[in-house]
Every structure is written in structure tokens, then in C-alpha cells.
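Found this in Swiss-Prot, in case it helps:
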ACT_SITE  215  active site, proton acceptor
BINDING   36, 37, 38, 39, 40, 41, 42, 43, 44, 69  ATP binding site
DOMAIN    30-364  domain 'Protein kinase'
LIPID     13  S-palmitoyl cysteine
LIPID     14  S-palmitoyl cysteine
LIPID     15  S-palmitoyl cysteine
């Protein structure tokens, strides 16, 4: 109860502090309601279209709510990462993957850049929010609901992992890009000397590349108004297949993992990077298995192992040491799917298509 009161107080303070603050993105102005979250050099705000920008529906002004992500980019590398994130929000045309509504790159007076990305606001919250509510209420998720959520998230991942699954959307993607590439006039000038990745600028090549999210967690699974699970926060998403060819690349990737991956859901191959190592989209299958486990039991598998046996989290992950609670209410078939995902050897994990088939068999 005390924590709920504190959260309410903080929200009221946030709302009061931002009551007159607005952010302009292209031709629309958004009034900040409160801070939703922050991390590193990025902030996410709950915003509302200002009066002059309200959407008119049947003659009625609709006060639309959005999530607005602000990314501060002090370096060439950070602007490159930010631009990749912008492209990610337009790349995957699936109801199970988040899409942006608008975006803009702004030049600041000190020479740095700031990226603004307008995203849908998911009022139903995240999968982690749902798990937390059940823990507080002492209720449990049914197997049928588990499978429904798992199927949706896996379908979203299939869109990232499998270029063939995006072919049906190739035509619509061109139209979406034509509309949504509405950056400010100065954007081209800002990015003249930025070493952007080639796949960011070529829709043709992007359609043939497999991508990995690399930070699938319950907090990054959102629920749409009709209850569909939606993969969110594509800031960590990039080309799936990577070969570590030199020590500089190894060092940079290690730093990236530390900054972008959530440890309880991070696969062992990302914690033990080596020269000549090949990384693939199978990193997401491990994270997905851990996320499914958390949905079912309210705690991630390796954090549970740490609590029960005192093993370090990293050691438990590297050895794949975890267990299921005794007398589980879930079927052996569903537990078997989790076991297949949480395999230390990536080769032993199913592909996204194989995982989808396993879940569909449970759904029949």
C-alpha cells in the first residue's frame, strides 16, 4: 500500500512539473503529461496532442495520448544508433511489433542532436505489469492465456528473424516509408557525415536481412487495446547474424551487451563473447524462453535459481542451471517448449518457425 501511495505521489509530481512543457515534432506539438521511463541518454514521456494539433473525428477533437521517446545524441555513434532505431520502428509491418507514428532529428545549440520518436501509448501496460498485478493479487495465468501470449510474441519475432515473412508487406512498406520519413528539413545536413549502416537506408536490402531484438523481456512486451502482445523498444534491434572478426569488435560488442541487455534474460553466448564467434537470432529464443518462464511463474528462471540455491546469476545462466517449481499447474507439453528454448547451445534451440509450430500444436 505504501509503495502504491508513493507511486501516485510521484506521478502527481511529474504531472505538475510537466504541466506547461511541450515538444514539437514536425508539424505537431505535444504536451508532456508525465515521465514514463528513462535509461542512459533516453527518456520516454506520456504526451498529449496540444489543442491546435488535436485529431478531429466526426467533428469532435480527440485528445490522443502517445509515448514520446527523446534520445540525446552527443556523438556520431549515438546519432547512428538513434537513426537505426527510427528505421526499426518502420521496418516491421506486423500487429505484433511496435511501429512509430512520427519522428524528427533536431540540431541543438551545443552542436549535439536530439531524436524524437512518437510511438503509440499502450495503456494496458507491459507483460511485466501484468505479472506484477497477478503477484499482488495472488492470481495465476491460465495455460490457454500463456499460449495465446506466447504465440503473439513469437509471431512478432518471426517478422524480425525471417525476411521471407516480410515479403508480403513489401509493397505496403514502400508506402509507409514515403509517408513516415518526414524528418525536419535540416536532417539531411545533420546526417551528411554520419556513418549510417547501409541496411538503414535501403528498403530493398532491409527486406532480405534477418534481425534480432536482443533484449526480449517482460518489460518490452506491451499489450494493445485489443489485448494483442506487441514487441516494443526496438533500440537494441539490429542485424541478427554477426561474426566477431577482431578484438576491437569484440570489445565494442561486450560494452554494447553491458549497456543494452537485461542480465536475467541474456543468453550465455552474449555473456561469453569470443573471437570468430557467430551470433544469430537464436539469442532471442533464449530470452523468449526466460520471458515465458517469468509469465508462468512470476520470476525469471535464473533469478529463481539464485534465490533458491544461492548460485550467482551469471554462473546459473552460463551453465543453464534452473528448475521448475514442483507441482506446476502447467502441462508437460508447455514445460517442454520452455526447455527447448533455454538451451545453452544455440544450435539446440528451435528456430522461430519451429517454436511457432510447437506453440500452435499446444493451441489446438
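For all residues, glycine too, the Cβ spot is worked out from N, Cα and C.
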Which residues, in sequence order, are found in the same chain with Cβ within 8 Å of the centroid defined by the Cβ atoms of 36, 37, 38, 39, 40, 41, 42, 43, 44, 69 at the ATP site, excluding those residues themselves?
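Near the ATP site, beyond 36, 37, 38, 39, 40, 41, 42, 43, 44, 69, sit 70, 71.
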Report, in whole Å, the straight Cα-to-Cα distance of the residue listed as 'active site, proton acceptor' from residue 42 (ATP binding site).
16
Round to the nearest Å and give the CA-to-CA distance linking residue 40 (ATP binding site) with residue 215 (active site, proton acceptor).
15
Can you give me the Cα-Cα distance between residue 215 (active site, proton acceptor) and residue 44 (ATP binding site) in Å, rounded to a whole number?
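Distance between the two Cα atoms comes out at 17 Å.
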I'd like to know which of the binding-site residues 36, 44 has the most other Cβ atoms within 10 Å of its Cβ.
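Its Cβ has the most other Cβ atoms within 10 Å: 44.
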Tell me which of the recorded positions 38, 215 sits in the most Cβ-dense spot, judged by other Cβ atoms within 10 Å.
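Answer by Cβ density within 10 Å: 215.
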For ATP, with binders 36, 37, 38, 39, 40, 41, 42, 43, 44, 69, what's the maximum Cα separation in whole Å?
14
Which whole number is the mean pLDDT over the domain 'Protein kinase' (30-364)?
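87, rounded to a whole number.
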Kindly assign residue 215 (active site, proton acceptor) to one of the three DSSP-derived states: helix, strand or coil.
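In the DSSP reduction, residue 215 (active site, proton acceptor) maps to coil.
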